[in-house]
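Below: the structure, in structure tokens.
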Amino acid sequence: MSASDLTSVQAGAPQGRRQILVTSALPYANGQIHIGHLVEYIQTDIWVRTMRMHGHEIYYIGADDTHGTPVMLRAEQEGVSPKQLIERVWREHKRDFDSFGVSFDNFYTTDSDENRVLSETIYLALKEAGFIAEREIEQAYDPVRQMFLPDRFIKGECPKCHAKDQYGDSCEVCGTTYQPTDLIHPYSVVSGAAPVRKTSTHYFFRLSDPRCEAFLREWVSGLAQPEATNKMREWLGEAGEAKLADWDISRDAPYFGFEIPGAPGKYFYVWLDAPVGYYASFKNLCERRGLDFDAWIRKDSTTEQYHFIGKDILYFHTLFWPAMLEFSGHRTPTNVFAHGFLTVDGAKMSKSRGTFITAQSYIDTGLNPEWLRYYFAAKLNATMEDIDLNLEDFQARVNSDLVGKYVNIASRAAGFLLKRFDGRVQASAMNHPLLATLRGAIPQIAAHYEAREYGRALRQTMELADAVNGYVDSAKPWELAKDPANAVALHETCSVSLEAFRLLSLALKPVLPRVAQGVEAFLGIAPLTWADAGMPLSPEQPVRAYQHLMTRVDPKQIDALLAANRGSLQGTAAAAEAGAANGNGAGSKNGKGAKAAAQPAASAANADDGASPIISIDDFAKIDLRIAKIVACQAVEGSDKLLQLTLDVGEERTRNVFSGIKSAYRPEQLVGKLTVMVANLAPRKMKFGLSEGMVLAASAADEKAEPGLYILEPHSGAKPGMRVK
């Protein structure tokens with residue numbers, strides 16, 4: 001099936017039994033699964049379950065992405081071999097995916113014999129077709145560790161805006177991309193040594209070949225997402241621009257990965273063998289199940305192949321990967337579906353705020369994984385828009401939709417049916433007009449899921465749940481039960497309610513698979529499929545005793561979850577206690593209450609010039625003070641007090657802070673300075689934007705008598721992200 005056929009396939013009911021291969025991006029094998037990762041795996045799993053319910057032959061394939069310098073160095077830090085590290089991480093990742101109901105048909109590893117053979121086969125086919133070039137390149141080399149340094153293992157001064165401590169491939173301040181050799185005053189993140197320049201032979205995939213450009217211009221027209229199509233056209237440029245650059249697919253030893261055939265000491269770059277890992281995992285499954293692997297991947301295959309990814313890796317999946325497949329003689333993806341990023345409470349995930357939430361901590365805290373599946377699904381659509389996990393809304397939506405609207409229907413009807421009617425529904429009730437409405441909506445809900453419009457599917461489902469609850473409220477079965485003369489009406493009401501509950505459970509099954517299993521057991525029915533919409537409950541099959549299917553979210557669980565993920569705060573507390581034990585704690589030398597007033601978003605609070613109240617070491621340990629570098633600063637339009645600071649706090653992103661220090665500093669005076677900030681202060685929304693912390697400044701108690709405002713500056717040698725303790 002070609003990419004352009006997708007719309008016609010998704011428009012209505014399934015057109016015959018389709019053969020579909022589906023993947024999610026491979027998680028890297030040097031860290032934990034967090035809720036940002038789970039957005040993609042839950043999104044993919046819902047789609048896969050939808051297609052399984054249509055009866056299609058569909059395989060959901062995954063693997064750990066195991067190769068590269070970061071894994072090699074992480075293993076070294078832990079005192080284990082890379083293979084030992086990736087085996088342990090694989091078990092952790094598999095546990096997390098199982099906990100959240102991510103139903104891989106095979107979850108494998110890229111460090112496999114299948115992947116080695118397939119990577120070599122594809123490489124040699126590309127080489128035979130003239131798509132591999134060999135060149136001498138100059139790279140940064142760590143003379144201490146005697147290794148070439150990947151781009152992200154070099155930092156230095158941006159060659160364009162001169163911001164300090166920028167990575168070797170791009171500047172997080174001005175957005176410029178460049179080569180590591182372009183950095184000013186570079187240093188190795190591994191050893192701290194100044195890299196030297198050294199030449200080495202590398203191997204390139206010739207993406208600039210006119211054949212690649214011609215193929216990609218045609219292939220991009222089939223992408224389902226306009227945002228992806230537009231981005232690809234931007235990368236391709238106009239015809240004749242030749243914007244595509246060749247891609248370096250090799251790395252030098254020492255490196256954890258696959259050695260390139262015929263090139264001793266040279267290894268495939270991880271981004272070559274990682275996507276091949278999709279096929280390797282599927283090949284492993286095919287060998288175990290007796291499937292014809294070649295029939296699925298050969299160029300003339302009529303199967304479908306879909307990749308679900310984050311928008312940050314669109315470049316690899318829509319340029320390199322399809323071109324590699326096309327010119328090595330394999331089928332190309334039917335489509336690539338990209339999603340946006342996850343924020344928590346309107347901000348990027350943060351360890352200091354406890355919102356960098358790992359999958360395991362969510363489970364350990366006792367939260368139901370299907371709560372998160374439902375919430376993410378309610379926010380997801382077919383675009384690359386970012387989604388936000390608002391924890392208050394999460395609690396309210398789960399409690400209202402899933403408990404108040406959905407499972408409440410069964411709890412209101414099951415008891416009466418079991419007690420009064422032996423658990424058997426009334427046959428004539430199955431023809432009620434309300435049920436006809438629900439059955440008529442099921443195909444549209446299924447189509448929404450298939451089109452990845454999960455939010456629409458759930459909105460429609462909850463509207464139907466409202467209608468069912470309205471029916472129950474109007475019929476008042478609790479009142480009918482008081483008079484034996486109302487037995488027929490009571491039987492009808494309970495029967496309609498439970499059949500409606502079955503249909504709502506069918507609509508929710510891709511999102512809530514474990515709840516659906518409980519419903520199937522309760523009703524005594526076979527696993528639900530989309531075809532079952534028109535097969536109502538039968539009086540021949542009594543329902544069983546109702547068991548609670550879902551509980552409400554307790555606010556204390558959310559508090560516990562955030563507390564469990566404040567890893568940086570725990571580290572600060574431990575450091576503070578250690579300092580106190582050595583006579584260097586908070587109360588040792590500065591116990592006179594010297595005033596270092598934190599400057600909040602609007603203005604500094606007035607303070608007494610006497611000593612502040614005595615606090616315990618535990619109180620002090622709650623404050624996460626960090627060294628911050630001011631990488632940008634500007635006046636705030638409409639304010640005579642505020643400056644807007646962009647701070648590097650040693651995280652993966654910069655922070656935005658508004659500070660009332662405009663009277664003391666011009667913006668250009670502050671850029672490049674180090675200061676101290678409160679890193680775990682709750683973000684504050686202002687009319688100018690979101691302030692994500694406070695910088696510290698000193699002033700006299702009587703500012704009129706002693707004017708002056710002075711931000712705190714650490715001695716040279718301090719670096720962004722260091723804790724103040």
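For all residues, glycine too, the Cβ spot is worked out from N, Cα and C.
As the structure is a computational prediction, the values presented were derived from the model and not from experiment.
Listed in Swiss-Prot for this protein:
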BINDING   C158, C161, C171, C174  Zn(2+) binding site
BINDING   K351  ATP binding site
DOMAIN    619-725  domain 'tRNA-binding'
MOTIF     27-37  motif ''HIGH' region'
MOTIF     348-352  motif ''KMSKS' region'
Surrounding residues of the motif ''KMSKS' region' (348-352) on its own chain - C-beta under 8 Å, 6+ positions past either end: 34-36, 341-342, 565-569, 624, 651-653, 679-680
Field: Lowest local Cβ density among C171, C174, which the record lists as binding-site residues, within 10 Å
entry: C174
Message: Going by DSSP assignments with H, G and I as helix and E and B as strand, what are the residue counts for the motif ''KMSKS' region' (348-352)?
response: 0 helix, 0 strand, 5 coil
Query: Within 10 angstroms of the C-beta of K351 (ATP binding site), what count of other C-beta atoms is obtained when all protein chains are considered?
result: 19
Field: Zn(2+) site, defined by C158, C161, C171, C174: further same-chain residues with Cβ within 8 Å of the Cβ centre
entry: P159, K160, H162, A163, Q166, E172, V173, G175, T176
- prompt: By DSSP, how many residues in the motif ''HIGH' region' (27-37) are helix, how many strand, and how many coil?
  reply: 3 helix, 2 strand, 6 coil
